[in-house]
């Protein structure tokens with residue numbers, strides 16, 4: 001039985017879909033003004049893991065993750081670059097998809113873009129105005145009336161009276177209350193705009209997600225997710241808009257993933273510790289990065305450091321060494337490991353405990369590989385099967401263990417030396433065999449002799 005920590009109730013709850021076996025999940029995606037950073041990667045991988053386990057558990061999942069393709073940051077960056085906002089967003093969307101491909105992230109079922117849902121935003125805003133939850137001061141802007149919504153703060157546990165302390169209305173704003181937030185922004189000179197009943201302008205950030213989620217999944221759906229930094233004000237405002245407009249509960253469960261810390265500090269451009277996904281993947285194997293992101297519980301903060309990456313690489317090497325040299329066959333045996341893995345994942349997607357099961361499975365494979373190759377191979381298939389839930393262990397073992405060899409050693413030369421060494425051993429020329437092995441070792445290559453022959457990998 002699957003339990004999920006619901007940020008709304010601040011407790012773990014038994015997961016009960018609203019519609020039988022069908023599950024509808026919406027996750028806040030990228031604002032595409034720049035390359036994805038590690039924090040985005042954290043959210044991408046976390047909800048990819050959740051997607052994989054829901055489907056593995058037999059649920060019929062519809063996974064929606066939006067793209068915010070109009071925003072102040074996008075407009076500012078496009079102006080800095082001297083390009084149109086849509087040219088910038090198209091380029092960044094392509095880059096995002098490439099990052100996801102390298103991290104083995106499955107595509108969402110739907111990936112709505114804000115600019116494709118402008119009419120729906122007009123309709124929801126008008127509904128809010130008609131119900132008294134929003135107002136148009138006459139300058140092209142439309143604001144949400146926060147004080148009108150009785151449930152404001154129920155997600156973040158923030159109180160309106162506390163929020164009002166220090167809140168103020170900025171110059172140029174026409175709010176009735178400092179806490180009110182914008183639903184529609186009147187057009188400014190030189191900015192992209194769309195016609196609306198309140199004049200030309202563009203949507204506010206929060207209304208975009210309310211409209212895209214309900215358009216794709218209905219007025220009420222099962223799971224709404226995102227990074228913990230979105231809990232307030234973004235997700236709080238989504239609830240206020242959506243429930244005021246529809247009169248129905250918005251999302252049944254709210255899930256938030258933890259943030260990335262760099263060497264124990266918050267990731268920040270000002271601290272010069274800001275990394276894009278592509279920067280990291282150019283330096284480290286994508287599976288090493290993915291395992292780092294998935295091995296910690298999705299709600300926990302992750303510390304990104306050389307040490308943590310080294311630990312991630314070491315863990316994967318242990319897994320792949322267990323797979324190496326065994327025939328690739330269907331999973332067989334190991335039902336007790338599957339049961340433990342299932343218990344861990346059903347407890348709010350408990351990946352630390354699930355990964356511990358994989359290490360125990362590796363020990364059993366290694367115990368059997370010399371005495372019962374068939375049983376070891378079946379368990380190796382099981383290791384790959386469970387690894388697939390985490391999005392890892394699908395590569396050829398030698399391919400992973402040799403990763404990074406390109407540009408460091410000549411693979412053809414290594415293979416030729418291995419053949420020469422094999423011939424020397426066949427000729428019982430042990431001195432020549434040892435000399436060749438020493439030559440290969442000096443190249444930074446480790447040889448491993450086994451029943452299936454000699455394989456090699458780069459030294460750590």
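Every residue, even glycine, has its Cβ placed from backbone N, Cα and C.
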Among ranges 30-40, 41-51, 52-62, whichever one Swiss-Prot labels motif ''HIGH' region': 30-40
Listed in Swiss-Prot for the Zn(2+) site shared with 28, 234, 238, one of 209, 355: 209
Motif ''KMSKS' region' according to Swiss-Prot, located in which of 256-260, 261-265, 266-270, 271-275: 266-270
Lowest local Cβ density (other Cβ within 10 Å) among binding-site residues: 28, 209: 28
Same chain, 6+ residues apart, C-beta under 8 Å of the C-beta of residue 234 (Zn(2+) binding site), given in sequence order: 28, 205, 206, 209, 226
Residues flanking the Zn(2+) site, with Cβ no more than 8 Å from the Cβ centroid of 28, 209, 234, 238 and excluding those residues themselves: 205, 206, 208, 210, 213, 224, 226, 230, 235, 237
Sequence-distant neighbours of residue 238 (Zn(2+) binding site) in its chain (C-beta under 8 A, six or more apart): 206, 209, 210, 213, 224, 250
